[in-house]
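K.L.:
If you scroll down you'll find the structure; I have some questions about it.
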Amino acid sequence: MNNLKKQDVAEEKSQEALGLINKDVVAVNIGPTIGKRHSQVLILSIVLTCCFVIRTALAVAIVAMTDPTASSNKDIPTYNWDDKSLVMASFLWGYFIPQVAAGYLSDKYGGKWFLVVSTSITAVAGLMIPSAALYFGSKGVMVCRFLQGISQGFLFPSMHGILGKWIPVPERSRLGTFVYSGATLGICASLILTGYISSTRYGWPMVFYLFNTVMLIVVGIYAYIGSNDPSSHTTISEEEKNYIINSLNSATNRHNLSVPWKEMLTSNALISVLVTNVCCNFTHWLFISETSIYFDKIMHFDLKSNSTLIALPYITELFFGFGMCFIADYLHSKNIISTTVIRKIMNNIAMLIPAIAAFLLTTAGQVTKTMPF
């Protein structure tokens with residue numbers, strides 16, 4: 001274990017040295033202010049936004065699907081399901097299956113087409129949900145969500161690989177935060193829009209038709225303009241391509257290295273990160289899956305108030321995420337504290353405050369049926 005700690009310290013020092021080297025490279029040639037890397041980051045952020053819109057929509061839609069008073073149109077079908085929690089969980093049954101293999105395949109063959117195919121499957125399965133509910137009930141919706149889970153299991157592994165080859169080191173925090181904020185933006189948009197659309201005469205089916213059609217359009221755009229890395233992009237300038245590759249220290253040409261599984265599995269640092277992420281994701285998916293039902297059945301909010309309240313934490317996260325990334329970049333660039341300490345501080349803030357808020361939510365009790373917004 002002591003050897004592993006020494007290796008961690010040595011690795012951090014080497015990363016800091018590499019950062020200094022990269023700063024020298026950037027000082028010589030910083031590339032265009034706005035370039036192809038920014039268009040790649042933008043379209044990937046939009047793809048991620050759409051994926052999370054689709055992933056999250058059912059959290060509010062399931063309330064409308066089982067509440068005859070949710071829509072102003074009484075012809076919209078509703079169902080009396082007692083397995084709503086299983087319907088919500090079915091996405092996760094498929095989601096964890098391809099994760100490791102998806103990372104390996106994306107790294108070996110490039111993530112673009114894995115991303116295109118998987119997100120297309122997600123959209124098609126989403127378009128089938130209204131018909132599946134009508135003809136096959138909750139079991140049909142579970143199958144569609146299971147397919148969406150499997151296909152979205154390729155989302156982050158593919159995106160990590162693509163971004164790792166496109167974002168220069170000095171821009172990593174800002175551009176990375178911009179891309180991944182698409183997930184939070186998607187959750188906010190999905191929760192709010194789903195509540196409002198479901199309450200109209202078009203009802204909850206329009207949620208799935210609209211969101212998934214937009215997803216297919218966005219995927220088509222990404223298939224046309226997206227690229228695995230700067231070297232395979234057809235219209236990128238040599239100046240920008242060299243800037244990215246030099247900044248990443250020729251990361252696209254690295255050799256395959258063996259994975260130190262034993263050292264990783266016995267590392268206190270890795271185990272602590274694993275535990276905190278499991279707890280964080282458990283709470284995240286619990287909120288996404290169950291909070292709308294809790295607000296509906298226990299606190300008796302109407303559908304619009306329900307969806308707006310669920311979205312509030314993610315709206316806050318969206319703004320604080322951008323602020324924190326600039327703070328992290330500043331602390332790192334000024335060598336005030338190490339990268340490891342920055343990550344520990346940010347991680348603890350992200351874990352402790354939501355945990356306290358989740359505990360306080362259980363003491364809220366029933367308040368009013370309609371919020372004043």
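Cβ coordinates come from backbone N, Cα and C, glycine included.
So TrEMBL has the following annotated:
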- 45-373: domain 'Major facilitator superfamily (MFS) profile' (DOMAIN)
- 41-65: transmembrane segment (TRANSMEM)
- 85-106: transmembrane segment (TRANSMEM)
- 113-134: transmembrane segment (TRANSMEM)
- 175-197: transmembrane segment (TRANSMEM)
- 203-225: transmembrane segment (TRANSMEM)
- 308-328: transmembrane segment (TRANSMEM)
- 349-367: transmembrane segment (TRANSMEM)
K.L.:
Please average pLDDT over the domain 'Major facilitator superfamily (MFS) profile' (45-373) for the predicted structure.
P.N.:
84
K.L.:
Against which stretches of its own chain does the transmembrane segment (113-134) lie, if we need a Cβ under 8 Å and a gap of at least six residues from its ends?
P.N.:
47, 50-51, 54, 57-58, 65, 77, 79, 102, 105-106, 140-141, 143-145, 147-148, 150-155, 157-159, 162, 204-205, 208-209, 211-213, 215-216, 219, 222-223, 226
